[in-house]
Amino acid sequence: MLHSPPPFADGLRPLKVIIIGGGIAGLSLANAFEKAPVPIEYVILEARDTIAPQVGAGIALAPSGCRILDQLGVYDDLEQLVHPVQSSGVCDGQGKSLLPERSDTALLVTARMSYPLGWVERRSVLQVLFKHICHKKSVLTSKRMDRIEHSREQEKPIKVICTDGSFYEGDLVVGADGVHSKTRSEMWRVVEQNICDDFDVQQERRAMMAEYQCMFGISSPIPGLDAGMTDDTLARDVSMVVASGKDGKIFWFLFKRMPQVYHSHEIPRFDSADALKFAEQYFDFPVQSGASNIKFSDLWERRETATLVPLEEADFAHWTAGRIVCLGDSAHKMTPHTGTGGMLALEHAAVLANIICRLVAQGNKLPLTTSQIGTALSQYDEKRRHRRTSAKIKSTGASARMQTLQSLADRLVVRFLLPYAGDIRADQFCDDAIGAEHIEYMPVPARSMTGLMPFNPNRGIGMHESIWPRVLWALPLLGMAVAGLLTMFSVAPFEDAYDFLARRRYREVEIRDKFYHSGLLDDFSRSGVLRFIVSEAHFFYQPFSFFADYGVWYGIMLVESARRANRLNVLSFALLWGMLNMWGIAIFVPIYYFAYYILTPISTFDASDRRLTNLSYTKTILPVLLATHYATFMDAYLSPVRSHRQAAGFLWELFPVWLSLAQAGLARKFLQPSTLKQDRLNNVTRDLPTIRTTILGLCAVSTAVWQYTVWCSEDSLVNIFIPILSSAQGQTFEQLFAEFLKWDQVFFAIPNLFWIILLFADLRAAGLIHAGWLKISFSALGLIIAGGNGTMLGLMWLYREEVLATRRDRGAVVRPIA
């Protein structure tokens, strides 16, 4: 019988839905229908004789699905059955750990998304979902579908006929009957008979393939596998995932790559004899690294259930046709490596409920036509949703292949990058979850809006910003780098400089030949020493102001190098950027900005903890920068003893090296243990006071030098800072050297401003700020007038930092501000 909702005062005609399959997707959809604000009748036809059979499978509950379960009012019951994952380990086929220590990355997922990762029996999820259904008589077991009758007549209902001869009529059929979906086959038949829609059915039939087989099971507790632990074992062509749930119950999956890739009807099936033979091959396969010495044989001996299946993968291009719609594994199938499949089925059940609710709310009094239903269902079968689903299928497939070390790249990543990957697995889980769907006609749970990474339908897997528009926007920075290179080196008096260095004398000043007593280091540094000698004698103010501004940039670069979001990219290599700039600030600062803009779109900071920096290093920035950059720079210009000036010049030329060594020493000796691991979970703004002090301190120095230049120089600012655009012919060595440094500063200052424009454009696009470009421009101009280019750079960047720490993207689902 169909569940009939109570009559609605507005006389809306109820929509009749036949759900094939009483699994997680089908039961969730039924729960959503019962809570709809419009009349929706439904019946669930389940082929098995019980609604919650023991098939020996565990399911990972992840935030994307938990929010929907919370909306349905079932999550509290499920949470009692779950022990949240608290620690994770990864080892190789010999039992050697691939991580420096067990990871708490699952706790970070909880802190970000407000729902923990946890494992539970699939049967328990079904039992809880069924428990919350009010009209249980609408859930029928032992009802195996035989066929679907879909009429060409627009207003005729669709009919489902079961193998026992019973039949059911409704407005549409939802196929939630799994990977071997009879509904999907019937939908293809209807299309082939030209009853509705038109797409390439043969291509759809070829979409399914299987490259892996999986033995999954449940075992009773084993000492050493405590509740809340997960362990992965990675080896060539075989891998294993083991998770310990409530009361120590163990859920496990043993994956193996099959000899070939099978397609569609070629995909093999396995029986109990195959399962036993398969298991015996891997009795010695390690489960966990360390002294526990737990092997697969221990799981096998304590098994409660064990099943061997092929792992189908399919990305079907069409989920609907006429009055038929596929849901869950019947529409898309992926490997279980990331626990995505079940959660995606919940999401799509929510989407389908939203669409059907809107369809009924339109107030149709007459029976809905096939065209009307098809038009509504096209919102479900849309490009955006396919893109996100396809991305998840590819992601889980890539995970399966990496865990079995399928390619050379996979083996290199596991061997060399995985130990340093930090929270990359949390990033992957959260990227899967952040863009999750929800039930639109039910309140969003308050719990889901309190995490460090709010849900956002515009973010996440399948919704990532394309890199190419960012490349195009940032291309002018590369143009500036090239222009700086060509312009500076067109005026640089290299021959005269080499001559002075070779003679070890500039005019009447002797140039020190050795300082480090290393030919490589001394030769590298002497040219810079010449810069200080020449500029101090002939054009003091411009380089003095320039290198004060450069200190602000260097401080920002050091903060960015300590940022969690930049842990695995080139921005973390502060020493590299520092030494490159010694070959030309105007060349490599724009390149740094280009890399930064490409690598850190605004979505990088959707999780507040990714903005966080390692405070052990951030605390050292101001003192070590003052000691290694500013002190040596000031001494090289202002010391009354000429020999001290040259010594300071030698030291300054390698200040990035001394700075890096000082940072490492201070961080390890005086600022340990690092609080980063705790801060990322519960104190993500802990570094802000230190960052403020650092940048404001550097800006104060830059402003003081700028004001000193403005008020103490007898020359005009134009003559001090603006290079001559005419030919360099006929100019003296000193004049050419001055022009060289002026161009160096010009092609440092312009990229600074352009980078700030790009960063603020990101803030505006995300709705993080609402100021217009006129206000932003006048703010930047005012800062330049008051404190110079370096102060503008530092304070505008610091404002952005405050915004990133305290505001949310316009699409974020958060509690409204009272």
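A Cβ is built for glycine as well, from the same backbone N, Cα and C atoms used for every other residue.
Other Cβ atoms within 10 Å of the Cβ of ALA60 (FAD binding site), summed over all protein chains shown, number 24. According to Swiss-Prot, the feature FAD binding site maps to GLU46, ALA60, ARG122, ASP329, GLY342, an assignment based on similarity to another entry.
Of all Cβ atoms in the protein chains displayed, 20 besides its own lie within 10 Å of the Cβ of ASN614 (N-linked glycosylation site). Per Swiss-Prot, the feature N-linked glycosylation site maps to ASN614 (among others).
Taking a C-beta cut-off of under 8 Å and a sequence gap of six or more, ASN683 (N-linked glycosylation site) has these contacts in its own chain: THR675. According to Swiss-Prot, the feature N-linked glycosylation site maps to ASN683 (among others).
For the transmembrane segment (471-491), the residues of the chain that approach it from at least six positions outside its boundaries are 584, 586-588, 590-591, 593-594, 597-598, 723, 728, 736, 739-740, 743-744, 746-747, 750-751, 754-755, 758, 761, judged by C-beta separation under 8 angstroms. The feature transmembrane segment is assigned by Swiss-Prot to 471-491 (among others).
Annotation source Swiss-Prot lists transmembrane segment at 539-559 (among others), citing sequence analysis. Sequence-distant contacts of the transmembrane segment (539-559), counting only residues of its own chain at least 6 positions beyond either end whose CB sits under 8 Å from a CB of the stretch, comprise 531, 574, 577-578, 581, 585, 589, 592, 613, 617-618, 621-622, 625, 629-630, 633, 637, 659, 663, 691, 694-695, 698-699, 701-702, 704-706, 709, 712-713, 715, 720-721, 734, 737-738, 741-742, 744-745, 748-749, 752, 788-791, 793-794, 797.
Under 8 Å from some Cβ of the transmembrane segment (571-591) lie the Cβ atoms of residues 477-478, 480-481, 484-485, 488, 524, 528, 550, 553-554, 557-558, 560-561, 563, 599-600, 653, 655-657, 659-660, 743-748, 751-752, all in the same chain and six or more residues away from its ends. Look at Swiss-Prot and you will find 571-591 (among others) tagged as transmembrane segment, backed by sequence analysis.
The transmembrane segment feature in Swiss-Prot is assigned to 621-641 (among others); the stated evidence is sequence analysis.
Residues annotated as transmembrane segment in Swiss-Prot: 647-667 (among others).
Note on the transmembrane segment (743-763): residues 473-474, 476-477, 480-481, 483-484, 487-488, 491, 542, 545-546, 549-550, 553, 584-587, 589-590, 593, 596-597, 601-602, 721-723, 769, 776, 780, 789-790, 792-793, 796-797, 800, 803 of its chain, located 6 or more positions outside it, place their CB under 8 angstroms from a CB of the stretch. Marked as transmembrane segment by Swiss-Prot on the basis of sequence analysis: 743-763 (among others).
The list of residues near the transmembrane segment (778-798) in space but at least 6 beyond its ends in sequence, with Cβ under 8 angstroms from a Cβ of it, reads 545, 548-553, 555-556, 691-692, 695-696, 698-699, 702-703, 705-707, 748-749, 752-753, 756, 759-760. Summarising the annotation, Swiss-Prot assigns transmembrane segment to 778-798 (among others).
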Fill in: All-chain count of other Cβ atoms within 10 Å of ASP329 (FAD binding site)
26
Practice prompt. Would you count the other C-beta atoms found within 10 angstroms of the C-beta of GLY342 (FAD binding site) for me?
Written response: 24
Worksheet item: For the transmembrane segment (647-667), what are the same-chain contacts with Cβ under 8 Å, counting residues 6+ beyond its ends?
Response: 512, 515-516, 521-522, 524-526, 528-529, 531-533, 558, 574-575, 578-579, 581-582, 614, 616-617, 619-621, 623-625, 627-629, 631-633, 635-636, 639, 674
Worksheet item: With every protein chain in view, how many other Cβ atoms are within 10 Å of the Cβ of GLU46 (FAD binding site)?
Response: 25
Practice prompt. Work out how many Å separate ASP329 (FAD binding site) and ASN614 (N-linked glycosylation site) at their Cα atoms, rounded off.
Written response: 43
Discussion item. Restricting to the record's FAD-binding residues (GLU46, ALA60, ARG122, ASP329, GLY342), give me the longest CA-CA distance in Å as a whole number.
Written reply: 23
Discussion item. So, three-state DSSP: helix, strand or coil for GLY342 (FAD binding site)?
Written reply: helix
Worksheet item: Tell me, how many other CB atoms lie within 10 A of the CB of ARG122 (FAD binding site), whichever protein chain they belong to?
Response: 20
Worksheet, complete the sentence: DSSP says ALA60 (FAD binding site), in three-state terms, is strand
Practice prompt. Please tell me which one of the binding-site residues listed here (GLU46, ALA60, GLY342) sits closest to ASN614 (N-linked glycosylation site), measuring Cα to Cα?
Written response: ALA60
